[in-house]
């Protein structure tokens, strides 16, 4: 079965072909136009998707060495996401499905991220037939979920203010780094001292209110941003420049330690032996290393996507559509546009 996946929920225009569960192409066009604005401009994102969608889809089909008529299913992100961006991809998918007389499978963007750790480029690979704890962490979402064998899930924690990826980007902006700042902080942190300065870790065992949040898996990163802002304001610019790598490493340590602590704690509480980490922040080398060490120390299996599948991509859309179709948990030919659909209602 050949599935074409289309992803346009934010600022990546992506198309992918998955053949019998195996990725045979994955084209991603990132919109650099937003860099000068320090963040994604929704209207510009929609226009860029309109400009790029045809060429990106054609490239994905060509790289898979098939023709459009060889496609069996069209899958596209149907939300959550920027309404205009989602509509570009989903409307294009609707039109293509109609012209080719193929079924359309709308895919929840967050669900696709959850299972991106199981994307494969070879045969005989499938998500584990066991429950696992999912940490989904990106610029727009930070949440913990218990995922069952039948693909159903329960959200047990989420950010109460800023997402982890947003914390990376906004603290990076305070430090004068280019957008998106997350990857820049990651590179700087590699040569810095994570213990240089201890920034706050809210709702954890290190916070003053730890007793109140011992069994709470929510996240909070607004206090970290405020702390970084005050810290920078007290320092001479030359001091910040000299210690930029150390400050970046300290920020990364504060964010990733919270993510790891809560994820492992959730696995212990729910007596689950596997953890999946997904979303754009899962590409962060500090998080990957820290989570791997914690999982090994606690006897937990870790599933984490290749960096190319961590950020928004269509391979995860097509792969999740294939998984749902093969498990009989979805019905194609649904054409609803739901750019603001909640995560839970899509399960």
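In case you wondered, yes, glycine gets a Cβ from its N, Cα and C as well.
For the substrate site, Swiss-Prot records 136, 137, 138, 139, 140, 169, 182, 186, and the single candidate of 26, 273, 284 listed with them is 284.
Taking the C-alpha positions, the distance from residue 109 (Fe cation binding site) to residue 136 (substrate binding site) comes to 11 Å. Spacing of residue 138 (substrate binding site) relative to residue 312 (Fe cation binding site) is 10 Å (Cα to Cα, whole number). Within 10 Å of the C-beta of residue 136 (substrate binding site) we count 25 further C-beta atoms, all protein chains included. Listed in chain order, the residues near the Fe cation site other than 109, 113, 312 are 7, 9, 77, 110, 112, 116, 138, 279, 313, 316, 317, each with its Cβ within 8 Å of the site Cβ centroid. Spatial neighbours are here defined as Cα atoms within 10 angstroms of one another, and by that definition the neighbours of residue 113 (Fe cation binding site) among the binding-site residues 136, 140, 182, 284 are 136.
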